[in-house]
């Protein structure tokens, strides 16, 4: 029986349209193989939306996304819009999208692919086999807590204030996603906080610990954030799934990403309690190579695989895409950002063609 899904495509800016085209081609092939029918709808976001409508997230785009099963986003931003006021820049489109879809969980995988292990700046024996998922709370914590702002004291001195706030319900909902994610992986969850100093982290640790009683099959551990950062570099293979707050997750997810040596290979997902999630590569819009057929589409393709796995419950189709990525790398196909001696240099379209051939063979 054919499964039907409505997918909103947000190509965005820079290399976005190029890498999105590859991901769509891959999804169409996998759809045929697994009897999945995709109804793709394209909408504007970021700089492209500013140029066309004057705002980074048109209401029509948000409405289209809300009526989708999932949203596949490519890239946002570029030099062209850097002179705009901060609240009018392309990046505001992504923040508005997350808020409008009520997305509170950001999933950032960091996996060392054996074909690219030498791209890491760490020793082979340290990073070989690393496969980490960072689950970051996305809508609370110090980035959104109030009071906030820069104030003038009675003595005329400037005083900057930000407030780190989490409620029980906010902690519980991100905790459940983290436990469920760990359960689907290797059954280990590390909660990262600063409970030795911060009251808000003490509540975080208490709630995560209480929640663990509902997941006896998941092994829970706790680390302070400073130690977690050190352990990520010292012995990253000890980690399976990490859950943490907004600020700590912002930092640790980027640190984990660079264990792989190529941020151009990394996908991500932003999820809510219900409704569509947003799936996108970690990398930026790379306006310096836009339109030159030099972009690496693999992170976009892997984001499509995450969409299949986490939004559409199609793990076999996701596996098929991930295996195709490994196959093209194994046969030596590379884009310019991951090229090494003896490998085959391909452009964005060429890498897409190679993926389609790999999917057809498997």
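The first residue you see is number 1, and the count goes up from there.
Glycine is no exception: its Cβ is also placed from the backbone N, Cα and C atoms.
Keep in mind that what you see is a predicted model, and the values were worked out from it rather than measured.
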> Which of 66, 136, 148, 186 does Swiss-Prot put in the same substrate site as 98, 108, 226?
Replying inline: 136
> In Å, rounded, how far does the Cα of residue 98 (substrate binding site) sit from the Cα of residue 90 (NAD(+) binding site)?
Replying inline: 14
>> Would you identify which of the recorded positions 136, 194, 294 has the most other C-beta atoms lying within 10 angstroms of its C-beta?
In response: 136
>> Let me spell it out: for each of the binding-site residues (78, 86, 90), count the other Cβ atoms within 10 Å of that residue's Cβ, using every protein chain shown. Which one has the most?
In response: 90
> DSSP three-state call for residue 136 (substrate binding site): helix, strand or coil?
Replying inline: strand
